[in-house]
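Chemist: First the structure, which I've put down as structure tokens, then a few questions once you've had a look.
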Amino acid sequence: MRVHFKTSYEQDIRFFEDRWTLFLYASLVILAFVLPYIIDDFYLGEMTNVLIWAVAGLGLMLLTGHTGQASLGHAAFLAMGCYAYHILVKYGVTFIIAFPLAGIITGVVGMFIAIPALRLRGIYLAIATMAMSILVDDIIVLTAPWSGGVSGMFSDPLNLYWIQIDRWGTPVAFYYVVLVVVILVTLGYANILRSPTGRSFVAVRDSEVSAQAMGVDIAKTKMLSFALSCGITGLAGALMGMFSGVFNNETFSVVISVQLLMMIVIGGLGSIHGAFFGAIVIGFLPQFLSISKGWVGDVIGGSAVAIPGLEFGVFGMILIAFILFEPAGIYGRWFKIRTWLELFPFYRKGMFKRQKSFLKTERLQ
Amino acid sequence: MSLLEFENVTLKFGGVIAVNDLSFNVEKGEVFALVGPNGAGKSTAFNLISRFYEPSAGRIHFDGHDLLAHKPSEVATLGVARTFQNNELFDHSTVLQNLLIGRHRHRKTNFLAEIFFSPSVRKQELQNRHMVEEIIDFLDLQPYRDKMIAGLPYGVRKVVELARALATGPKILMLDEPASGLSVEETTDMRWWIDDIRRQMGITILMVEHDMGLVSSVCDRVLALANGAKLAEGTPEQVQTNPAVIEAYLGGAA
């Protein structure tokens, strides 16, 4: 087991508890940067997709995982970010301005949506936000002159100063753009978590009553959480639009919202790692299924079987399995395995078992 | 002027009168206890100060401010800290993070600076960390610093709650049954801490407590409540020997 002998308060603030962890994460980033030289364009495209989902996952994680506000409406914010960016680009705004602006616009809209949502909690909030998801479909159709409505919109290659970046033409460059966005968002997220804002989010999640007694303004905190969460999701939406090349009112359906929520639950609520683990599952599962379908077809003879709805069936089963056997998600499981290895042979079965919770103060309000 | 003033406060839930025309003053630097049978309105009085409930009538003043003009989250900013009867900690965080939340009211940076973790944020964080460490030292919480709340025994959680309230650097500390569920030794520890908080830190303490041993050993003045109204007020001895108080606890002569 690694024991840290702390000699300064700086050590509690640092991202990495020791050199070894720093080394591991640095290697991961370096690996991500040299990846285009290792794998071919198809898998690089899949990687890009996973990273974009990870950004969207981080967005929802901030709201659901850290502030405890369930949302089934985040596809709406993906759509908002996507359309905001592409409409701005259509009017000649350059990528470097349009991209952050799309995030800010989505964030501001999210903040206003939070105002009525402040009165709702738990399942009721999830239902109300789900309505957002359904609503945005109609809004896109109604605003057809700008959004293209049902016939959709094409994503132009993005201009970054002297080069043109396009998902199909220059997949490597596009991958790098996404990677840089992922790294920046993750750093900002981690910074939020280690400062008062992040702590106030967690406080609101765990006990609103006592957060209030500590001087945390619940309404403002929730609104800020919505704004930041929607902003990040908006950025992911813009990238998603660029990635798919063409999109219309049906691209960002309720199904995407559900998938996003499933993703962070599978990955592990309340951790940055969870968003990435979840994105890997969600991103690679369809490919894995189609590959294994072909394989099953070969084994039983005859052509590949087509089973409608297979993907969602498998998603559903995975989700149920996680909720039953590992509510802490992939990251939670990984954490347990790591502790087991670190403490071997002293790991106790009950180590991560939640103690029977004591009576909470009768919930006020 | 007194630090905390209750002026004819009444709170009604429909037909039930939880607090009935209650008036009392807490002076700066004293330890003041609210006692009374279950349902007497002691915790309700705390929740009124925390602004979780809106009184039907009356006024509450704290340190020259009209508390009723402030939002619940602003009460802490004015210098009121509290603990809860059944622990209300942030279960999925470590002890350290719980205490750092206590520093929230002193926050001077905004979220934009925090996204970039600017030098001022770093400085503030180091300062917070230092303040929190002093409280950890004061309450002997060193062994639990990096432990998750969810895995801690009840007695320790009580101390963490006290520590979190202290971390806010309050003018008044409201303790809702600080000794309930504690062992005899833990209660003795709590007694000395309450004494030290008052003497060393100069913090006024308002507490609700059933353990009359603890009350009579640390409190300057006691207010006995029954059915939301004042029964008796005075030193612990005066209140304990008051016939009305004895009747409320044991019932009148048959």
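Cβ coordinates come from backbone N, Cα and C, glycine included.
Whatever TrEMBL says is automated annotation, not expert-curated.
So TrEMBL lists these for the protein:
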type	residues	note
TRANSMEM	A:20-39	transmembrane segment
TRANSMEM	A:45-63	transmembrane segment
TRANSMEM	A:70-89	transmembrane segment
TRANSMEM	A:95-115	transmembrane segment
TRANSMEM	A:122-148	transmembrane segment
TRANSMEM	A:168-190	transmembrane segment
TRANSMEM	A:224-247	transmembrane segment
TRANSMEM	A:259-285	transmembrane segment
TRANSMEM	A:305-325	transmembrane segment
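Tell me about the setting of these features in this model.
Modeler: A Cβ distance under 8 Å defines the sequence-distant neighbours of the transmembrane segment (A:20-39), meaning residues of its chain 6+ beyond its ends; these are 2, 47, 172, 175-176, 179, 183.
Residues 35, 39, 69, 71, 74, 77-78, 167, 171, 174-175, 178-179, 181-182, 185-186, 189, 192, 201, 225-226, 228-237, 239-240, 243, 260-261, 263-264, 267, 269-272, 274-276, 278-280, 282-284, 287 of the same chain lie 6 or more positions beyond the ends of the transmembrane segment (A:45-63) yet place their CB under 8 Å from a CB of it.
Counting residues 6+ beyond its ends, the transmembrane segment (A:122-148) has Cβ neighbours under 8 Å at 69-76, 79-80, 83, 87, 113, 116, 248-250, 252-254, 257 in the same chain.
Non-local neighbours of the transmembrane segment (A:168-190) in the same chain are 15, 29, 32-33, 35-36, 41, 44-45, 47-48, 51-52, 54-55, 58, 62, 157-158, 160, 232, 235, 239, 242-243, 245, 272; each lies 6+ residues outside the stretch with a CB under 8 Å from one of its CB atoms.
Counting same-chain residues at least six beyond the ends of the transmembrane segment (A:224-247), those with a Cβ under 8 angstroms from any Cβ of the stretch are 48-49, 52-53, 55-56, 58-60, 62-63, 66-67, 69, 71, 74, 77-86, 99-100, 102-111, 113-114, 117, 152-155, 158, 167-168, 174, 178, 181, 185, 189, 192, 197, 201, 204.
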Chemist: Would the transmembrane segment (A:259-285) count as touching the transmembrane segment (A:95-115), if touching means at least three Cβ pairs under 8 Å and pairs must be 6 or more apart in sequence?
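Modeler: When sequence-distant Cβ pairs are counted, the transmembrane segment (A:95-115) does not touch the transmembrane segment (A:259-285), since fewer than 3 lie under 8 Å.
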Chemist: What residues elsewhere in the chain lie close to the transmembrane segment (A:305-325), defined as a C-beta under 8 angstroms and at least 6 residues from its ends?
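Modeler: 255, 259, 262, 265-266, 281-282, 285-286, 289, 293, 296-297.
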Chemist: Who are the chain neighbours of the transmembrane segment (A:70-89) in space, where the CB to CB distance is under 8 Å and they lie at least 6 residues beyond its ends?
Modeler: 56, 59-60, 63-64, 95, 97-99, 101-103, 105-106, 109-110, 122-123, 125-133, 135-136, 140, 146-147, 153, 155-156, 158, 229-230, 233-238, 240-241, 247, 251-258, 260-261
